[in-house]
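Step one of this worksheet: look at the structure below.
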Amino acid sequence: MSIVPDSITIRRPDDWHVHLRDGAMLEGVAQYTARQFARAIVMPNLSPPVTTTALADAYRERILCAIEPGTHFTPLMTAYLTDATDPDDLADGFARGILTAAKLYPANATTNSAHGVSDIARLAPVLSRMQDIGMVLCIHGEVTDSDVDVFDREAVFIERHLSRILRHFPELKVVFEHITTQDAVQFVESAGPNVAATITPQHLHINRNAMLVGGIRPHAYCLPVAKRETHRLALRKAATSGSSRFFLGTDSAPHSREAKESACGCAGIFNAPYALESYLQVFADEGAFEQFEGFASLHGPAFYGLPVNEGTITLERAELVVPDTIDVGGAQLVPFHAGETLQWSIRR
Ligand code: DOR
Ligand code: ZN
């Protein structure tokens, strides 16, 4: 049996996938991310979406205004790819350090993705340019075909699209985001070093029963949806394996309580407030403390070609009760693990 330490200190981590929203919601949620993470890859699915370098630059300013003074936090911006994306604009934003990556949402795959890409084949000039300049493509990997079962949409995306993208652009840097299946783990493991994946805390903690057993539980609903237990176990193994191809990306995606508890509830889990504590619990349960720093703080920067952060963060073995709700700009949010007790807390 491995010995469980009383505390763990790691380099300050980054969140390689987060939704910070805009307006009052941004003002309310940004600090939860900024107080744990030095940097975050910020998703561009606002309404209207962040489709250009100019829009990303303006959004970046709004994020920086929402962060409490004295907090050191760098938002890493992404551009939302559409059928009309201009490769020159992407390359310009990347060269000027405004854009870090571009995001591919298949049209209508998830929240605010109506303007996403309707035909991936037509994206070839954009992907070719990104491959040339070494710009990361972040992918929401689910097909949207109505005849494909929602639980199969990630696996079918690999077959129909991801394999093909990498066949045509073998050097393109791809982050397969928020993976939820054993199929995705295997795909990433067998791909080249230019392919990596992020894993959320919820997909390490819950399977689809959490959403559907004993009543329908909207706060466990996100996209891609949690799958069956075999997949959760494969994700835990990958995350704690020490492989540099897997790293932290919370996909924290706040929606008001009313928007979630509805006849047509929004997809998204707000996990930012206790993300690190949640992840560490998984590594503790798997007896993989020594792999936690790699997953949280080292593999992401290495993949993106960025330096690791200065400074450290310490978590200690101390119980923490997650509140049932959190007030944000007049709205109530229900956080991931609401009402549960976690075993680790960030030392303040
Ligand atoms: O659950 C999700 N929520 N998945 C996504 O891909 C988008 C996100 C959101 O923006 O709410
Ligand atoms: Zn997301």
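Placement of Cβ uses the backbone N, Cα and C atoms for every residue, glycine included.
Those TrEMBL annotations? Automatic predictions, nothing curated.
What TrEMBL records for Asp251 is active site. According to TrEMBL, the feature Zn(2+) 1 binding site maps to His17, His19, Lys103, Asp251. According to TrEMBL, the feature substrate binding site maps to His19, Leu20, Arg21, Asn45, His140, Leu223, His255, Ala267. What TrEMBL records for Lys103, His140, His178 is Zn(2+) 2 binding site. Residues or ranges marked as domain 'Amidohydrolase-related' in TrEMBL: 15-314. Under the heading N6-carboxylysine, TrEMBL lists Lys103.
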Spatial neighbours of Leu20 (substrate binding site) that are distant in sequence (at least 6 apart) but have CB under 8 A:
Leu26, Val29, Ala30, Thr33, Ala40, Val42, Met43, Ile63, Ala66, Pro75
Over the span of the domain 'Amidohydrolase-related' (15-314), how high is the average pLDDT in this prediction?
97
Listing them in sequence order, which of the binding-site residues His19, Arg21, Lys103 have their Cα within 10 Å of that of His178 (Zn(2+) 2 binding site)?
none
For His17 (Zn(2+) 1 binding site), nearby residues of its own chain (Cβ under 8 Å, 6 or more apart in sequence):
Ala40, Ile41, Met43, Cys138, Val175, Glu177, His178, Thr198, Thr200, Gly249, Thr250, Asp251
So if I draw a 10 Å sphere around the Cβ of His178 (Zn(2+) 2 binding site), how many other Cβ atoms end up inside it?
26
Using a 10 Å radius around its CB, how many other CB atoms surround Asn45 (substrate binding site)?
22
Taking the Cβ of Ala267 (substrate binding site) as the centre, how many other Cβ atoms fall within a 10 Å radius?
16
Quick one: pull the CA-CA distance for Asn45 (substrate binding site) versus His19 (Zn(2+) 1 binding site), whole Å only.
8
Quick one: of the binding-site residues Arg21, His140, Leu223, His255, Ala267, which has its CA closest to the CA of Lys103 (Zn(2+) 1 binding site)?
His140
Restricting to the same chain and to sequence separations of six or more, state which residues have a Cβ under 8 Å from that of His19 (Zn(2+) 1 binding site).
Val42, Met43, Asn45, Asp251, Ser252, Ala253, Pro254, Gly268
Go through the recorded positions Leu20, Asn45, Lys103, Leu223, Asp251, Ala267 and pull out the ones with a Cβ less than 6 angstroms from some atom of ligand 2.
Asp251
Least surrounded among the binding-site residues, given as Lys103, His140, His255, when other CB atoms within 10 Å are counted:
His140
Asp251 (active site) CB neighbourhood, other CB atoms within 10 A:
27
Among His17, Leu20, Arg21, Lys103, His178, the binding-site residues whose C-beta sits under 6 Å from ligand 1:
none
